[in-house]
Amino acid sequence: MYIGYSRTPGGWLTFWITVACATDMSLFGYDQGLLSGVVVTEDFLVVHDLVGTSKTKTLSTVTAIYDVGCSFGALVAFDIGERLGRKKSILLGTTLMAICTLLKCTSYSLLQIFVGRVTLGFGNGIDTSTAPIWKTETSSPKWRGKLVFLEMVMNILGFSFMFIFVLFATVPWLPESPRWLMQKGYEKEAIEILSCIEDKRIDDPYVVAQKNEFEYTIYYERENAIRWRDILLRRKTDSTDSKSLRRLILGAGTQFMQQFEGINIMPYYLPTVLMRFVGLSDSMARLLTAVNSVTYLIYTCCAVGLIERMGRRGLMMLFTAGQFFAFLNITILLRYAEANAGTVEGQRFGFASIVFFSLFYIFFGLGMLKIPMTNFVMVEITPIGIENIGWKFWIVWTVFNAAFLPVIYFFYPERDFVLANRTLEDIDAYYRSNPSLIVIKDPDAISVKRPLKYIEREDHEMKKIGEIRTKKVDDLMVEHVE
C-alpha cells in the first residue's frame, strides 16, 4: 500500500502529479534559456577556450552534446521505466541531474563541461521521457490535453536548480502508474490508485471499467508483442494489425517536424543571431531574448483554451502556416540587412526582423510546442550554418515549414495529437480498425471531440458492470433474509 496520497481527493492528486511532471520539464527549459546567454559571454568562452570563429564547431558541439545525452537517456528509459516503474525512474534521473549540475557549475575545462553536459542530458532524458507517460497513466482522459500544455509552459518557465528539490519533495509520496502496477501483477494497488485518482469507490463501475480496459490492453500487448524487426518489415503478428509501423512513423514524424520548423535556433542561439545579423550589443540581445521568452510563455498559456475548440491537428496546421510566414519575412529582411551591412538602411532591415522572430515564438507556442522534443541536430548545425551561409540559412526553415503543412493535413489524425477526452485504449481500437492512410475523409480521425462509438462502448461496459454489482447485492440480501 502506498502512503501519502490515499486520502487525497482525485483532483488534488492529479494536481500534485502534474506539479511533479511539469517541474521535471522545467529543468529542460532551464538549460535552453540559460545557455543562450552563456554562449555569448566572454568569461565562459575564455575559460573554456572557445573564443573565435575557429572554435565555432566546438562551441556548437558543447551546446548540442546535452541533447545527445538526452537522447541516450530517453532510450535507456524504455528499459528502466518498465523495470523500476515511473517514480523510481524519475528519481534516478533527478539524482544524476543534481550531481552533474554541480559538476557543470564548477567547470574550468572543456572536458569537464563536456562530461557535465552529456551526463546531465542523460538524466534529463530519463526524466522527460518518463514524466509524460506517468502523467498520462495517472490522469483522467478529460484533463490530459490541458496538462500537456502546463508541462510545456514549465519547459519555458524553468529557471533554477531549486526544481530538483521540488521533485525530491513530491515524487516519493505520489502514486505509481496503475497501468505499470497491473503489468507487474499489483492489481490491488492499481485499483486503489485508480479509485483515488477518480475520487470514486473501488467498486464504482467507472473504476472497474478502467481496470478491465487495462487488463485487456496488457493481455493484448503480451499476446501480440512485436519485435522491432517485425515493425520495420511490416510483419503482422495477429489478425487485428494495430498499425505499429504507421504509429511509429507518425509519432517520430511530429518530433522531426517540430525540430525542423526551427524552434531550437531561438532558445539556444537568438542572442547570437541578433548580435550577428542585427548588430545589437551583448546586453541588448539578451534583453530582447528574455522579452521573446516571456511572450512565448504568455501565448503558450493562451493555447490552453484553443485546444478544446480546434484540437491539436487544427492548431498545428494553422500555426505552422504562421511560422512559414514569419520565416519567409525573416529570410527576406536578413538578406537585405546583410547586403546593406554597416548602413542605416541595413540596420532598419535587421530591426524589422525582430518582429518576425517574436511572431515565430508566438505561433510556435500556440501550435507545435506541445509535441515532445528531440533537438540535437538543430543545436549542432545552427552556429555552423550561420557562420558559413549567412542569411540563406533561414531559407531552409522557411521551406520546411511550408512542406509540413500538407503532411499534417493528409496523414495525421486528431487522436495522435491530443488525448483529451480519449483513452489510450481508444487509440489502440482505432488502429485495429484498419483505418485509411489518408485521414481527411474519416470523421472519427479528425474529430476534435471523442467519437461517439468509443463513448457508447465505455457506457455499455459500465452498465454491464453496474448490473453485475446490483445482482451481487440482491443475492446477498436474499441470503440474509433466508
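Placed from the backbone N, Cα and C atoms, the Cβ positions cover glycine too.
Annotated domain 'Major facilitator superfamily (MFS) profile' per TrEMBL: 17-482, in sequence order.
Positions annotated as signal peptide by TrEMBL: 1-22.
What TrEMBL lists as transmembrane segment is 12-30 (among others).
The transmembrane segment annotation in TrEMBL covers 59-78 (among others).
The transmembrane segment annotation in TrEMBL covers 90-111 (among others).
Marked as transmembrane segment by TrEMBL: 152-174 (among others).
The transmembrane segment annotation in TrEMBL covers 285-307 (among others).
Within the chain carrying the transmembrane segment (313-337), a Cβ under 8 angstroms from the stretch's Cβ atoms is held by residues 257, 261-262, 277-278, 303, 306-307, 345-347, 349-350, 352-353, 356-357, 359-360, 362-364, 366-368, 390-392, 394-395, 397-398, 401-402, 404-405, 408-409, 412-414, 417-418, 446, 448, all 6 or more beyond its ends. Residues or ranges marked as transmembrane segment by TrEMBL: 313-337 (among others).
If you look up TrEMBL, you'll see 349-371 (among others) marked as transmembrane segment. Within the same chain, residues 148-149, 152, 155-156, 254-255, 257-258, 261-263, 266, 270, 273-274, 277-279, 288, 291-293, 295-297, 299-300, 302-303, 306-307, 312, 315-316, 318-320, 322-323, 325-327, 329-330, 333-334, 336-337, 340, 417 sit at least 6 positions outside the transmembrane segment (349-371) and bring their C-beta atoms closer than 8 Å to a C-beta of that stretch.
Residues or ranges marked as transmembrane segment in TrEMBL: 391-412 (among others).
Nonlocal intrachain contacts for the transmembrane segment (391-412), taken as residues 6+ away from its ends with a CB within less than 8 angstroms of a stretch CB, comprise 250, 253-254, 257, 260-262, 265, 277, 313, 316-317, 320-321, 323-324, 327-328, 330-331, 334-335, 337-338, 382, 385, 437-440. Computed over the domain 'Major facilitator superfamily (MFS) profile' (17-482), the whole-number mean pLDDT of the model equals 77.
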